[in-house]
Amino acid sequence: SLSLSLSLSLSLCVAGGSYFMISRSLGPEFGGAVGLCFYLGTTFAGSMYILGAIEILLMYIAPSAAIFVSHQPEGEAAAMLNNMRVYGSIFLLLMSLLVFVGVKYVNKLASVFLACVIVSILSIYTGALVSAFSSPSFPVCMLGNRSLSQHELTVSPPPLTLVEKTTSLWTRFCNSSELNAVCDEYFTHSNVTQIQGIPGLASGVITDNVWSSYLSKGEILERGSDPTPSPIHPNHHHPYVFADITTSFTLLVGIFFPSVTGIMAGSNRSGDLKDAQRSIPIGTILAILTTSLVYLSSVVLFGACVEGVLLRDKFGDSVKGNLVVGTLSWPSPWVIVIGSFFSTCGAGLQSLTGAPRLLQAIAKDNIIPFLRVFGHGKANGEPTWALLLTTFIAELGILIASLDLVAPILSMFFLMCYLFVNLACALQTLLRTPNWRPRFSYYHWTLSFLGMIICLALMFISSWYYAIVAMAIATMIYKYIEYHGAEKEWGDGIRGLSLSAARYALLRLEEGPPHTKNWRPQLLVLLKLDEDAHVKSPRLLTFASQLKAGKGLTIVGTVLSGNFLHSYGDSLAAEQTLKHLMEKERVKGFVQCIVAQKPREGISHMIQSSGLGGMRHNTVVMGWPHAWRQSEDPQSWKTFINTVRVTTAAHLALLVPKNISLFPTNSEPCTEGHIDVWWIVHDGGMLMLLPFLLRQHKVWRKCKMRIFTVAQMEDNSIQMKKDLGTFLYHLRIEADVEVVEMHDSDISAYTYERTLMMEQRSQMLRQMRLSKSDREKEVCLSVLWVTLAQAQLVKDRNSMLRLTSIDHRRVHMTWTKDKALELRAQAHIPSGCSTPEGFRDMLSMRPDHSNVRRMHTAVKLNEVIVNKSHEARLVLLNMPGPPKNPDGDENYMEFLEVLTEGLERVLLVRGGGSEVITIYS
């Protein structure tokens, strides 16, 4: 309690009280979940207080007011519950009307109720002192050590003699009034006595009451520390006083705890206080000190004045249901009766006043959409709609009508609230948040932490199943707010804790590179925006989401051309576009937008600088430059090659999906098919790992994996297949293995002409870039398009297969002067474009032998891949590195085109130079 009071005193108390503190310290999810549970607890506490007031009214003040009366003993309990339901509903309606009229009337009545409570407490202390000199007459009938129920005895008008009582007992224990009847053995050997139920303060009875004496259900209440062994199945027809429930420390804590929940009444009404920061700390601490003193001293006084057998008599059966504390008090039992009645009424009013304001604070924060209507009220701010809901929920508690059923769940809700109040205070202190500046300086975080541990322990000590139910309710509310609630940024402590944890984790990651077992692709996805700020290839992000499956790091980046000083707004707009796309594709990650004069420089800077510390990307994903041959601006594919060079220099892996528009979306799962891996060059295991990760996603889950490797004639294909299968077995990757043999063959005419066409095109582009006027560029570009159109005839695969192998020295030239003049005449091209020296050199050039060999390898490999994988859902290939000489960039692009020609979906993979997969788990 003391830790809770200090935690409350350190809070900034505005409307909402403890909810406000928890939500602003731990976030809207925790605040909403605990706040709603605390609201339900406060509302049901109002029901419990009203039921307590009705019980006092019907049992001690006006027993004749009972509407339902049972003439059978077994029906009295049910009749009492029905009476409590009727009168409880009436009291609830009257109290709700009083709260609706205005809280100022509740405050005025609170003073009257407080006066009654103070007088009642003083009368108890006075009565205890008086009992030391003159104990009140409060007889209890005993049979041996066992107490007898006065309700079960047949009594005559006073005075009663011992013989009359004994005769009545004889009939009950012997089942006959005859002297020779066979009687109960315990009755035969025990005497009937009468003791004082309240012997007084000086009697020394405290020595017997200082130790605990818990009973099981059905046990007989007995006097003394050494009770007589009870029968296993006692005869309940005998007029003993029996325990109605199994008692234990945890059960009593659950029943008693709601009596100390009033310390939050001030914080719940913090919005109505003139100076909440001053009033709540003082009021809360004084309330805890006062109630602790009163409760502890009352426990000692009752134990010192009242017999233990009477203290354990829950319903007062041994004293005809008379109020023990009323008999002990001075000068009259009516002081206690009236004081208890007004005390419970006042507590009920406080609950009905605080609970609607708590609900109104939650509704105004708009963290739970369907509660928004309860944030409205009267013009003066009174929560009318929240009061209606509170009255309805309280009525449900009254209809339950049993205090023992309501009390445990209340304890769970209150303990949960106190737990999180302590946690919020301790967390803010540990994080040393700059805005955490408490006025109360006599405090240490360990006190709040200790209070939090005690609250959690009490929850499970009191009732572990009720604790689980309360936590389950809070968890469901938390998840609802997390997924459907409004997003709020209150600078809560959980965010500060996340920053501290992130800082600690990043520093730990700096200690060394990740082990191969922990390697997974941390992606930097490069996206390009069009002039309208729309993503050109959104399927790239879809592919990234399928590859990641929500794990690891994903950075989505783009580069804008321009000056940052003038393009800051465009940069923010681009970031929002990417964030919306990430939300649509359900990709968790970060967005980075860079403004640079040249895109290739911006991409280079992004690859170098993205990430923080050890949390950096290790894999770059970018799209293939579509229609790069027809592009008027060669910078697009030159930027692509430059990015390949940058990733290679940075030792990063590179993934290039080709024909990305044909890749499946997240809503188009592949029902069958294969993912084919063409393992040409060892790349650290990237080609093995990527299909495994893709198959974790629902889109690729039903695809089978096939691995192809290429063998030369001199290789042992059988042994290669066996070794690769063993390697996959140790990797615990299921895949079919196939070794493809490639025979050495002569260079075909198609290969020769394809290489010559590539070099002639490169030469023409160089001449075009060197021309002096834009008009010459335009005309020569037209020549290029016409020649390329003619060249498509050569690319017919069927005709290629019919060509025979020839020596490159005797091959027919693809472009001659006659062909060029013929094409120029057909296309009506001016003659000026056909006369430059460079163009005449192009017509007479011969292809480079090394290029011919590379083209031959690409063509033959493409033939094999298309033959084996033309129906595959996805084909993964090793991506060869770019040439060191930039003059061969265009040839490099042409080689890649030839390598992937005829394949629907291709993923070009280039490793980062390190092992990414291991056989060890």
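Cβ from N, Cα, C; glycine included.
Just so you know, TrEMBL annotations are computer predictions that nobody has curated.
Feature annotations, reproduced from TrEMBL:
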DOMAIN    9-132  domain 'Amino acid permease/ SLC12A'
DOMAIN    246-524  domain 'Amino acid permease/ SLC12A'
DOMAIN    538-655  domain 'SLC12A transporter C-terminal'
DOMAIN    671-796  domain 'SLC12A transporter C-terminal'
DOMAIN    854-921  domain 'SLC12A transporter C-terminal'
TRANSMEM  49-69  transmembrane segment
TRANSMEM  90-106  transmembrane segment
TRANSMEM  112-133  transmembrane segment
TRANSMEM  240-260  transmembrane segment
TRANSMEM  280-306  transmembrane segment
TRANSMEM  385-403  transmembrane segment
TRANSMEM  409-431  transmembrane segment
TRANSMEM  443-467  transmembrane segment
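The stretches the transmembrane segment (409-431) and the transmembrane segment (240-260) are in mutual contact, each linked to the other by at least three Cβ pairs under 8 Å (pairs 6 or more apart in sequence). Away from its own ends, the transmembrane segment (240-260) comes close to residues 1, 45, 48, 143, 146-149, 212, 214-221, 234, 291, 295, 312-315, 317-318, 403-404, 407-408, 410-411, 414-415, 458, 461-463, 466 of its chain (Cβ-Cβ under 8 Å, at least six residues beyond either end). Sequence-distant contacts of the transmembrane segment (385-403) (same chain, at least 6 residues past either end, Cβ-Cβ under 8 Å): 40, 43-44, 46-48, 50-52, 55, 81-82, 84-85, 88-89, 92-93, 96, 99-100, 255, 351-352, 355-357, 359-360, 363, 373-377. On the 0 to 100 pLDDT scale, the domain 'Amino acid permease/ SLC12A' (246-524) averages 83 in the predicted structure. According to DSSP, the secondary structure content of the domain 'SLC12A transporter C-terminal' (854-921) in residues is 30 helix, 10 strand, 28 coil.
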